[in-house]
């Protein structure tokens with residue numbers, strides 16, 4: 001692989017991947033939600049000495065903790081995905097802990113993989129404080145309260161003895177709630193990531209101030225298509241054929257399990273299911289949310305979409321905006337990426353159509369290599385757009401794109417005038433100098449107007465570089 005890159009470098013100008021360290025911003029400890037303890041440590045999964053590879057997250061709230069998740073729809077679901085889904089189903093959307101390892105995906109590992117995932121659950125369960133007798137009668141105490149996630153190489157079994165030693169011996173003495181603890185946990189999620197992805201925000205519902213914080217990881221094998229945990233899956237759930245994406249969001253707001261799942265499903269579709277680095281969906285993609293109610297006054301009940309619609313809508317909006325922030329960090333850290341590109345499809349007959357076309361553009365290798373080369377090759381964008389079969393407005397005839405109504409523009413990130421390259425099917429006399437100026441920016445946008453309706457969707461993607469090939473050609477070595 002190194003010989004290939006050297007040969008290419010002799011004939012092509014290879015741009016250096018820009019540093020992304022500035023996207024990691026230290027946060028005050030007061031920014032994080034109350035009622036959580038976290039740690040990140042080196043258990044020995046990764047070969048590099050001292051590299052964090054195990055995270056433990058505990059809810060210590062005296063109120064019941066709701067849990068929700070969206071999991072990959074890949075047929076080869078990793079053992080931790082299967083186990084976490086089972087736990088949420090058994091507990092009707094309650095859980096109080098999350099354990100995460102990086103360095104090994106524990107995917108396609110057979111019976112041993114399932115046994116190892118359950119062993120991680122049991123070991124972390126043992127770290128949880130007892131349930132307050134007033135809030136959880138003994139008869140209702142769940143058997144297991146830990147969700148498990150793994151990321152790394154597929155097809156290899158975990159060094160489970162090292163992981164269990166990390167959970168049982170080292171995690172209890174390093175748990176904390178300040179910025180350092182949160183940052184260590186975020187670093188333990190990382191594989192080929194170049195910076196820990198950690199964010200926090202404050203919001204108010206019903207006059208009460210709550211906090212939300214979260215971390216995610218991902219830089220390659222990123223094109224998630226995640227659906228709700230099986231406990232809450234409905235027959236009409238949105239489905240679309242689409243290195244693992246993992247995320248954990250924690251809040252001290254009180255939210256009922258069903259409403260937490262409903263809000264997360266909505267948020268994921270508009271955030272994590274709307275990003276792509278390379279078009280490959282992982283076996284392990286998982287987003288988990290815990291809501292422990294630790295900041296709520298005793299008399300405040302759990303926010304529920306039926307009994308408190310206004311409060312639920314505020315929470316759903318906050319969760320969606322927060323999920324978008326975390327999802328964008330994954331794209332910005334795309335393996336070898338030099339560009340962050342916002343692809344917006346407007347004027348579609350349905351949201352699903354707009355989303356499908358934006359996805360197709362964002363995963364086109366020809367589009368992504370042109371973006372790397374800063375080449376305004378809008379014909380590739382049109383080709384990707386026209387390859388998508390739109391949904392049928394009726395059973396008689398599918399919707400058809402009318403090429404005479406389609407427009408394409410490149411949009412600079414500095415709010416200056418967009419550059420139209422196609423207007424209602426007619427090509428513009430493109431100012432190539434201006435096009436190069438826009439595409440040489442680290443951030444810019446592509447807008448496609450279909451002229452078929454009022455729906456729109458946005459995808460976030462990046463370019464393909466030689467560095468991406470190098471990273472993935474040597475991934476296991």
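Residue positions begin at 1 at the first shown residue.
Just so it is clear, glycine is given a Cβ too, placed from its N, Cα and C backbone atoms.
The substrate binding site feature in TrEMBL is assigned to 191, 217, 244, 335, 472, 477. Around residue 191 (substrate binding site), taking its Cβ as the centre, 22 other Cβ atoms fall within 10 Å, counting all chains.
The active site, nucleophile annotation in TrEMBL covers 244.
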Other CB atoms within 10 A, centred on residue 217 (substrate binding site): 29
Site with most surrounding Cβ atoms, counting all protein chains shown within 10 Å, from the binding-site residues 335, 472: 335
